[in-house]
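Peer 1: Below, the features straight out of TrEMBL:
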type	residues	note
SIGNAL	1-21	signal peptide
DOMAIN	28-252	domain 'L-type lectin-like'
COMPBIAS	255-265	compositional bias 'Basic and acidic residues'
REGION	255-285	region 'Disordered'
COMPBIAS	274-284	compositional bias 'Basic and acidic residues'
TRANSMEM	293-315	transmembrane segment
Ligand SMILES: [Ca+2]
């Protein structure tokens, strides 16, 4: 006979399963080659490992550190197995932290790109890249009016022709984004990237509630298959620890059409993205200087005095003419 405590236990398990929003799609399955978990040494111990390290990246038994909290570092973590399935979802457990209270940076990027292991100026990876970048930007470079706070998560799709403009925090080439205070938290911080039927959805879990919160979703995002997953981070004058703790990648259900078509040759594009704008420097010394205002006041006084004197002589002259007339 089933006891009440057994029923309670079953109901509790059911409740836990229903509320565990982080469960991925029922029709998906994890791809071991594109996932990464502790213990790491087994992952990196063989020469033909799926994952390669680039630059200053170090591995401990607890995390893979793309950069440490010191200046001018750049590191990468790259998967070397191309992604052959069109639809996928990736869950990344990461941690960004450091000694800086007000000043820290610059952030890290989750990549799905044609060319793995490159190095360059975009958070440690190459500019004018081919593919998708999910940019976890912790430092606001933008000095002019900015309509969002940092840390900020944004997406950019590039066909090799676009420049990532750090001075504008990529706002000239952004698809979409959201504010996410993921830095320096005591809770676990996770981000989910879902790409299915040309729709890109980014979700976060940073409050330790084990629940995904949508950051943004964007349709009309076209990405080819056979690109590579990777991570990179960089520090400059400012620094932070940028740690990757685990990666779980799931192949999602795709319809027959997407399975059968040749998606390898698709050129990455996202028509919904901001059209690229020319970089223009912030106007220097905008606003009126004290000297300019001083000369303007002097000029106005001279004009007023001039008008006053002119009016005085004009009136006097008329008075004189009237006197003569009478
Ligand atoms: Ca930035």
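Even glycines carry a Cβ here, placed using N, Cα and C.
What does the local environment look like for each feature on the list?
Peer 2: Residues 86-87, 197, 224-226 of the same chain sit 6 or more residues outside the compositional bias 'Basic and acidic residues' (255-265) yet have a Cβ under 8 Å from a Cβ within it.
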Peer 1: Tally of helix, strand and coil residues over the compositional bias 'Basic and acidic residues' (255-265) according to DSSP?
Peer 2: 5 helix, 0 strand, 6 coil
